[in-house]
Amino acid sequence: MGNSFLIADTSSLVIGLLLILNGVFISAAKHYGLNKIHIVHLGAKQHDTPELVTKSHYQILEPLLGSKEAAKNSLVYNYKHGFSGFAAKLTASQAKNLSAHPEVLRVVPSRVMRLKTTRTFDYLGLLPTSPKSLLHKTKMGSEAIIGVIDSGIWPESQSFNDTGLGPIPKRWKGKCLSGNGFDAKKHCNKKLIGAEYLTVGLMEMTDGIYDYPSLGESMSPRDHVGHGTHVAAIAAGSFVANANYKGLAGGTARGAAPHARIAMYKVCWREVGCITADLLKAIDHSIRDGVDVISISIGTDAPASFDIDQSDIGFGSFHAVMKGIPVVASAGNEGPNAQTVDNVAPWIITVAATSLDRSFPIPITLGNNLTILGEGLNTFPEVGFTNLILSDEMLSRSIEQGKTQGTIVLAFTANDEMIRKANSITNAGCAGIIYAQSVIDPTVCSSVDVPCAVVDYEYGTDILYYMQTTVVPKAKLSPSKTLIGRPIASRVPRFSCRGPNSVSPAILKPDIAAPGVNVLSAVSGVYKFMSGTSMATPAVSGIVGLLRQTHPHWSPAAIRSALVTTAWKTDPSGEPIFSEGSTRKLADPFDYGGGLINPEKVTHPGLIYDMGIDDYLHYLCSAEYDDDSISKLLGKTYNCTSPKPSMLDFNLPSITIPSLTGEVTVTRTVRNVGPARSVYRPVIESPLGIELDVKPKTLVFGSNITKITFSVRVKSSHRVNTDFYFGSLCWTDGVHNVTIPVSVRTKFMRNYV
């Protein structure tokens, strides 16, 4: 999660920082002895009866541990609904011995993972007022059940009221559990239909000493972090009028699917994080319970291994997808560097973040009456004209001498050192801070407890020039205002993790983008801003829930295809989307995948790039998985073909070629989901120096022809190693524009000899 769990409430600053700093999670994990619980992956179930699956787990453990009683004491969880496996307390040597068992796919230690709106859906054009809109067609998502795996939920929030909702869908098989401060009969309703808290992994990892009362936690589904409540309301929050944060961003709050049902699975806890043994159990339960989509705003750092079973979200989501349940997960918040994207398994819908067309300008008035507009969430009263000083090498001495009392401090950059210094400035009684940055990141103001504004270097230099040419420079900081619409440019923020995929570069990640900057949503009884791919993920999850109502038989891959091929490459107003990093540039597929999600287009994509179990098995073969591992994962004997399939032919709604030498031909298959008699022709935007040749030149569909395979010959004119260049391939029938991104890197020299 990194620094992405940003709370725009300075009264919550200490708690917020405790939650977002990686070091806290890591130190807590070390303190609590991370390596006691091991997760034993067995792959697909060999029995349909959960009791028989559980029995098979004991049959594996008993010989290793010497008795049934020892096996019972060791066992933490049985995973028996969506897949087979268990979590058990094992020594390192026991885990090593168990990994050699013929039925065991892999044994991995349980780990700690990190948690990674009044305007969002208006911005995306998902409007409740239009009788032809997706919301009206789906009755606001009333039949959709969205499973959220996170830090719990604050049930009293008005975002979870069930006014106007009909009966709970009959297919629901889940539970609502009571606990400390949470009464299932009182707090669950026709909106919040499921609420569980998974604690066995937590308590075993903490040796039973997780002191939840002193940490302000509850052994219940209740959310004391705020994150789970926030994301659940983004996905499926009810209509709430007059929602705002201290007067900012006022309007009607609602989720993507306002009448959808929520099932919360709490696996994340204060000062510890999210325990993977519990997270896998939550995925297992969500498969059992009958959710339509699983939303996971949790992750780690960018992966460095091909192994699906080393990725708990990747492993659990594989089995969910095999059951037809889409899994939507966050790309992570450790951007903007390349190859930082998380949750990269090709069956996961991985979500990047963008900004909204909304900003919060802060008037900064200098003593010469020049007013400069900064940015930030400043809800403090106006700071009248007061002395303006520069944060430089003399600042520490000024703090010691009390010279910062009541002043506004100008600081160039806002790195970790400056934020620590800002806390010293705050403690020394300064009245406000102005940060000057090369690329504006207003979220840094959430780290200080005084009025704060952010400007770019140009404006920062203007302020500095005024200070250097004035005997007693002064400034005034006004509260933020809310500005919506043009001329605000949409952007992929610095924190959003970028591609290419670190373990399978031919698999484009992220897949899609959604708003994740300064998103207003529910927390404990109020509404607050948070930023991160955590906030973008439930926006997509809610839209996927709506899509599953309109197309209940579409596979998770078909849904991902519809999201990608209909996405905006610009913002909804037609303006370009920029990418923030060390420099600002136009966004490309490694920033936002297929683009910004377009909810009103996604139900009618025209063509889809579909995949099923055979496609995923071909991927595993191409990723050098051996037959035995794939057979265990699948639950039956499987042999990869010889030669193994090319990962370049994996039927994704994208073409990514990380090492092109000369030329290569790739294939894709599309299925017609539009009018039966349709003719599509290609529109090609070739990457720089790359030639794309498509065959056949037309795709002619009829009542008996619903699928067509085409090839794309990719040829480079470059004769040196290049970076990635980007283009697109669009099939159009004049109504539907089925567009996929094309990313190509030419590579003549190997990285090793």
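For all residues, glycine too, the Cβ spot is worked out from N, Cα and C.
What Swiss-Prot says about this protein:
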type	residues	note
ACT_SITE	ASP150	active site, charge relay system
ACT_SITE	HIS227	active site, charge relay system
ACT_SITE	SER534	active site, charge relay system
DOMAIN	38-115	domain 'Inhibitor I9'
DOMAIN	120-603	domain 'Peptidase S8'
CARBOHYD	ASN97	N-linked glycosylation site
CARBOHYD	ASN161	N-linked glycosylation site
CARBOHYD	ASN369	N-linked glycosylation site
CARBOHYD	ASN639	N-linked glycosylation site
CARBOHYD	ASN704	N-linked glycosylation site
CARBOHYD	ASN737	N-linked glycosylation site
SIGNAL	1-29	signal peptide
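Location within the structure of each feature annotated in Swiss-Prot.
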| residue | record | Cβ within 10 Å |
| --- | --- | --- |
| ASN97 | N-linked glycosylation site | 14 |
| ASP150 | active site, charge relay system | 28 |
| ASN161 | N-linked glycosylation site | 18 |
| HIS227 | active site, charge relay system | 27 |
| ASN369 | N-linked glycosylation site | 6 |
| SER534 | active site, charge relay system | 33 |
| ASN639 | N-linked glycosylation site | 10 |
| ASN704 | N-linked glycosylation site | 6 |
| ASN737 | N-linked glycosylation site | 16 |
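Annotation note: ASN737 (N-linked glycosylation site) sits in a strand segment as assigned by DSSP.
Put simply, of the recorded positions ASP150, ASN639, ASN704, the one whose Cα is nearest the Cα of HIS227 (active site, charge relay system) is ASP150.
Counting only the Cα atoms, the space from ASN369 (N-linked glycosylation site) to ASN161 (N-linked glycosylation site) is about 49 angstrom.
When the recorded positions ASN97, SER534, ASN737 are compared by Cα distance to ASP150 (active site, charge relay system), the shortest distance belongs to SER534. On the backbone, the CA of ASN737 (N-linked glycosylation site) and the CA of ASN97 (N-linked glycosylation site) stand 54 Å apart. Sorting the domain 'Inhibitor I9' (38-115) by DSSP state (H, G, I as helix; E, B as strand; all else coil) yields 31 helix, 25 strand, 22 coil. According to DSSP, ASN161 (N-linked glycosylation site) sits in a coil region rather than a helix or strand. According to its DSSP assignment, SER534 (active site, charge relay system) is helical. With respect to their backbone Cα atoms, SER534 (active site, charge relay system) and ASN704 (N-linked glycosylation site) stand 43 Å from each other. Checked against ASN97 (N-linked glycosylation site), the glycosylation sites ASN161, ASN639, ASN704 differ in C-alpha distance, with ASN639 being the nearest.
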